[in-house]
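Reading through the structure tokens given below for one structure.
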Amino acid sequence: MPHLLIIDALNLIRRLHAVQAQQALTPAQALIATRANLINTCRKLLTGSEPTHVIAVFDGEIHSWRKEVYPAYKEGRTPMPVELREGLNTLQDAFWECGVDALLSQTDEADDLIATLASGIAQHGARATIISTDKGFCQLICPQIQIRDYFNKRWLDAAFVEQQYGVVPAQLVDFWALTGISGSNIKGVPGIGPKTATQLLQQYGSLSALLAACQQEEASKPLLKLRQYQDDALLAQRLVRLQRDIPLGFNLREIRYPPAPESEA
């Protein structure tokens, strides 16, 4: 059965680089050390995951559709260090050195590309493993899709979602629609925090059911808040939901692992 390993490239690289940058190295030395650690990490992932296909997905220099509909999207995030951004080509080469192809789009966010890749292979009954610390991918969890937090050595699975949020993976988008995601500067419903969001979704099941309930005369205080800020909740829902239908322009044969000899490609 095919097993696709998807590496959230910048999520991995930025954390590896941050460790080196704390070692009082020069920027050039930190980049060299990051490259060496990236190769070592990549080889560990390939050995441990035993994939039949693999790809590393990068964010490009894009002005995403989310920024178009919500200009404050991701405002306030710490920018990538200049020396790291300027050295991304050599880090991309490090993936290729390990036999891992890289995907970089100038029109789509890496998160949406990863969601499309994982969902596409899952629809055909095959498996996908996403390497990332980004909990946003937990909305994709199903028997065919798993998420591995390499740095904390844990699986971000349904049990993790239940423990962390008190909901099932299919409810996460609606959970974040209510609470917002501070790391992406996405606002939810003022006055509805994680505990209340969990209680509401455990009782009503979904945001659509909550929106129907909040129109009732006997609506509770949290539901009245939702009624007042329902447009914000719907916008947040749209922003946090990953796209799963982006045209990719390549097929699985092109990202086989180990790579096919050029004569067979």
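Every residue, even glycine, has its Cβ placed from backbone N, Cα and C.
What Swiss-Prot records for this protein:
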type    : residues               : note
BINDING : ASP111                 : Mg(2+) binding site
DOMAIN  : 167-260                : domain '5'-3' exonuclease'
BINDING : LEU178, VAL189, ILE192 : K(+) binding site
REGION  : 191-196                : region 'Interaction with DNA'
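This view paints the features noted in Swiss-Prot onto the structure.
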residue : record              : DSSP class
ASP111  : Mg(2+) binding site : helix
LEU178  : K(+) binding site   : helix
VAL189  : K(+) binding site   : coil
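Proximity of ILE192 (K(+) binding site) to non-local residues of its own chain (separation of 6 or more, Cβ distance below 8 Å) is seen for LEU178, THR179, LEU200, PRO222, LYS225, LEU226, given in sequence order. Taking a C-beta cut-off of under 8 angstroms and a sequence separation of 6 or more, VAL189 (K(+) binding site) has the following same-chain neighbours: LEU178, THR179, GLY180, LYS225, LEU226, TYR229, ASP232, ALA233. Compute the center of the Cβ atoms of LEU178, VAL189, ILE192, which mark the site for K(+); besides them, the chain residues with Cβ within 8 Å of that center are ALA177, THR179, GLY180, GLY188, PRO190, GLY191, GLY193, THR196, ALA197, LEU200, PRO222, LYS225, LEU226, TYR229, ALA233. The C-beta environment of ASP111 (Mg(2+) binding site), restricted to residues of the same chain at least 6 apart in sequence and closer than 8 Å, consists of ASP8, ASP134, GLY136, PHE137, LEU242.
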